[in-house]
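Notes follow the structure.
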């Protein structure tokens, strides 16, 4: 291994006179006893989330040709950049980059690395938590509407009420102290993600046998066809968000010179990506083939029969998002707790920890209640912040730290990913922002199977 560059030596999170080791208290590095299957289910939980349910809708906005190309290309590129980050986790002897921003400091410099990575990573993790609040609320509402059906049984409960119900569980789960303490929750969440994805495409396939003519051409929705196309690119990008927590997951795995953490981490990541492919490709392709351009923003909203199975699928989504929210919230807790103790000199107490975490849950809940627009949030955040942290920043750091030979295969692959990611970051948020503005102006709330009175 290479020596540690001068600009990243002695990067301590704790002041020299600190009477304890902060790393042993922070949620990311407090426990290092994970293994490859921890890596597998943490990555499945992190990657397979709200994005998979919106893939058929994204396909309807892109069309068969572009949709399949973007779907496959995104899977390949993000697997490659995930491998890069795993390799760079401990590329210098005696140094582990346990957090995304620490690797950014190694590549861009101590200050510039923070300025580049921290805002983007925070935006990703906060936006994921907001979208998961919305998706959890939507799924609970679907369960409610399917169970009661149309007519007099319908209540006046709106999606905002169900977001509040979903958020109440997060106040409890946020009390789990570190990454390894949420392993059980994450494992259940990973199983749930595979389960509801399977139900979604199998139920769609079953419905397809009885469906009449289906149209696959572009259809104007809330925005023009070109803007919808751009929006769909962001929705595709949102489906691959695991890079923002991959180093934090790897930090929980022990490492020795004989058995570096990258081996079990990569093994788990490969297993996770095989599972991701099993979830994403059937849902996207079968869902679009069955419903065409009439598919709803979430594939589960297009499915009504068999009612009991669709209700179960929606509950699986809720259970999965309970764990997935925590996987993305934990690095945010880690950052805030570190700053509060190291810079503002707060004592590391349970009161501090609970206050930080409950404030964060309440903030994401409030934003979700105010902006419950699933597809628009997916496309805007997917392009604006997911494209940089997932598609091209890992490649830029690889070029800086690994320095591959110019015009070599590695050099060319990285520049292709950088250009692809930059284009995605520039054009995708345009469609998402247009859709978000339209929904806010019209006051459009997600569809309901119950005919609720308008106020």
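Each residue, glycine too, has its Cβ placed from N, Cα and C.
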Identical membrane-side domain name, residue 34 and residue 343, from Swiss-Prot: yes
Ranges in play 18-38, 39-59, with Swiss-Prot marking transmembrane segment at 39-59
Stated Swiss-Prot location of transmembrane segment, expressed as one of 329-349, 413-433: 413-433
Stated Swiss-Prot location of transmembrane segment, expressed as one of 182-202, 203-223: 182-202
With the cut-off at Cβ under 8 Å and a gap of six or more residues from its ends, the chain residues touching the topological domain 'Cytoplasmic' (248-267) are 28-29, 31-36, 38-40, 42-43, 46, 83, 86-87, 89-90, 96, 98-100, 179-180, 330-331, 334
Selection from 39-59, 159-179, 182-202, 227-247, 268-288, the stretch that has most Cβ pairs under 8 A to the transmembrane segment (308-328): 182-202
Ranked first among 39-59, 182-202, 227-247, 268-288 for CB pairs under 8 angstroms with the transmembrane segment (380-400): 227-247
Closest-packing stretch to the transmembrane segment (358-378), where packing means Cβ pairs under 8 Å, from 114-134, 182-202, 227-247, 268-288, 413-433: 114-134
Under the DSSP assignment, what numbers of helix, strand and coil residues are found in the topological domain 'Cytoplasmic' (248-267)? 9 helix, 0 strand, 11 coil
Can you name the far-off residues of the same chain, 6+ from the ends of the transmembrane segment (268-288), with a Cβ under 8 Å from a Cβ of it? 35-44, 47-48, 52-53, 55-56, 58-60, 64, 67-68, 71, 75, 79, 82-83, 86, 190, 193-194, 197-198, 200-201, 204-205, 208, 216, 239, 242, 246, 295, 299, 302
